[in-house]
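Undergrad: Take a look at the following structure, please.
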């Protein structure tokens, strides 16, 4: 470790910034956030810095070239000029005076360096590459942004407010640690994140009253995992995935996403392959209730969005009947995510003014849909779970008025490295699929917007425009 990470209290302390340009302004704004008094030394300053001087009474400016006596009584110094000799002089003088000094973009002249900062005050996270690659440090910070929501600052304020009460309630440090670990990772934290301040305060007070390891009923997180690409997960989904005790998942959750769940969480697979459910839906509902009543934090992870053909509504109805706390986290539904990765806009001014989502499950070799409504012109049809019923689907759409030459596409495992796009028409698509076996999950898109696929496809996947021997896939 080349540097010792420390946090320096410079509130109401005098700090020197040498320089008057854009780089100096960035450092000054950072010092302002730490409530420092700032003394700027520079023969000339930028318009932006001039405006900052007018806005902030804690900034003063001396229109001179740097001299060592400018360092007198300063807590730290920052050299932010584009003149190497000036920067070297500031560094040498500060070192001689025993004052911490930072020279922007020159670690060799620094006695301290400025990290990339994630500010969730009073929580502060600093990331540093030791001056070797500031860009890499910023990239790492951006990853942390996804894992540490802004509400963590409020959570820290709550912890500070109750710290003395917790210390009085729990004599032994180990018990205090256990208490705070449960509070800061459980329902209390989620209440704070959701802005339910009174409920959070009541929950914490009740936990203190009980002062045992027995906590109230658990909670269920109904989370949409999106169409497959882990990068499409929401911040909230990622956070809840890391604090679950148990995860209940099905086939539509990709392995890459499942790998992001807390490693020591118990995993329960509930199937959801057509006609081969490992557990029927009623049993899944009952399992969620049972686990939550045991005090567990249960992650119900569903592909896509839990409220779009995901039966999420049925599950939370059962939870509500049993007074089980729950949260619902939306996910990017397959229609939106897969179409985007396939380069097929679902609406387009020249091609489609409406879009409809339907499920293509076969029942007794038929699909029960409002066919006249689906066969309207200037409309995009997105069919979930339609692979086995594609022949019936295309036949009915043609029978109810759509042209046989209407463009159609089927996308295999969209948004993942295994994505594959086949395009054709209502007339040709069943034969195309017959000749090119696909692996579920798949999504079917019907409408003139499919014509745009070849032009707009951007994701690195297999794309195969196809038709029959009599002609191209579509006009």
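Going from the start of the chain as shown, residues are counted 1 onward.
Heads up, the Cβ atoms here are built off N, Cα and C, so glycines get one too.
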Undergrad: Among 227, 230, 255, which residue does Swiss-Prot annotate as binding S-adenosyl-L-methionine together with 303, 304, 305, 308, 333, 334, 385, 414?
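TA: Answer per Swiss-Prot: 227.
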Undergrad: Counting only other Cβ atoms and using a 10 Å cut-off, which of the binding-site residues 44, 308 scores lowest?
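TA: Taking 44, 308 as the binding-site residues, the minimal 10 Å Cβ count falls on 44.
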Undergrad: Enumerate the residues of the same chain, 227, 303, 304, 305, 308, 333, 334, 385, 414 excluded, that satisfy the criterion Cβ within 8 A of the mean position of the Cβ atoms of the recorded S-adenosyl-L-methionine site; list them in sequence order.
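TA: Not counting the recorded site residues, we get 226, 252, 309, 310, 331, 332, 335, 337, 338, 384, 441, 443.
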Undergrad: If you run the three-state DSSP split on residue 44 (NAD(+) binding site), which class comes out?
TA: coil
Undergrad: Most Cβ neighbours within 10 Å: which of the recorded positions 22, 250 is it?
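TA: For the recorded positions 22, 250, the Cβ with the most other Cβ atoms within 10 Å is 250.
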Undergrad: Limited to the region 'Precorrin-2 dehydrogenase /sirohydrochlorin ferrochelatase' (1-204), I'd like the whole-number average of pLDDT.
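TA: Average per-residue pLDDT within the region 'Precorrin-2 dehydrogenase /sirohydrochlorin ferrochelatase' (1-204): 91.
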Undergrad: Between residue 44 (NAD(+) binding site) and residue 129 (phosphoserine), how far is it from one CA atom to the other, in Å?
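TA: So the alpha carbons of residue 44 (NAD(+) binding site) and residue 129 (phosphoserine) sit roughly 32 Å from each other.
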